[in-house]
């Protein structure tokens, strides 16, 4: 399937969705603390999104039961909010999407709950810094596979490994569109192959970072994804548009 090119009008609509996504995440960032349950946070985000005349994009998507993916400690993505109460030393990944007038925004971040270990601090910094490094490297005409190679290099040079089998993606009138953008260069694939980045494209980059092994395992809830190493993980994501031959973050907080 071809990668869609968005018109200026569509990018304006996607910017609106992205801004609301960022506002919802910023709300959660302010409210995350020891003593708060995951379900309380999920309700805060859902209430805010609905009060803004928008729809939580993840609720019901592929059957997901909640508005926010909340990935605790070793869970890297797709964690389901529960009545678990956050404790000092936890890390929590928050990934949410918003639909506004038929257009989608998508963003994620991983946050410390109070004081965390030095290793977890490095882990959280890795996914955030790798994301921002990749965004700053985007040029019109480069291959998406080059972007995957850049993401992998940024992750591994910080001493970590990317999660395998899951990836960034295009976004627009659907929450997941072409292309798929892995956080690593697949075996046997050349960086200078495949589709190129063009003006008007909109897509999500989302480094998912593991400590020792990138092979995934899906837990019994059939949603939560962990590394087979069982160690803590981290995830950051932004929606990006190519406007004026440069990358513009639509979900900047």
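Please read every residue number as a count from 1 along the shown chain.
Even glycines carry a Cβ here, placed using N, Cα and C.
Binding site for divalent metal cation 2 per Swiss-Prot: 169, 206, 237, plus 106 from the candidate set 90, 101, 106. Of the residues 95, 229, Swiss-Prot places 95 in the same divalent metal cation 1 site as 106, 237. Residue 95 (divalent metal cation 1 binding site): 23 other CB atoms within 10 A of its CB, across all protein chains. The candidate set comprises the binding-site residues 78, 169, 176. Of these, 78 has the most other Cβ atoms within 10 Å.
Listed binding-site residues near residue 237 (divalent metal cation 1 binding site): 206 (candidates 78, 176, 206; Cα-Cα distance within 10 Å).
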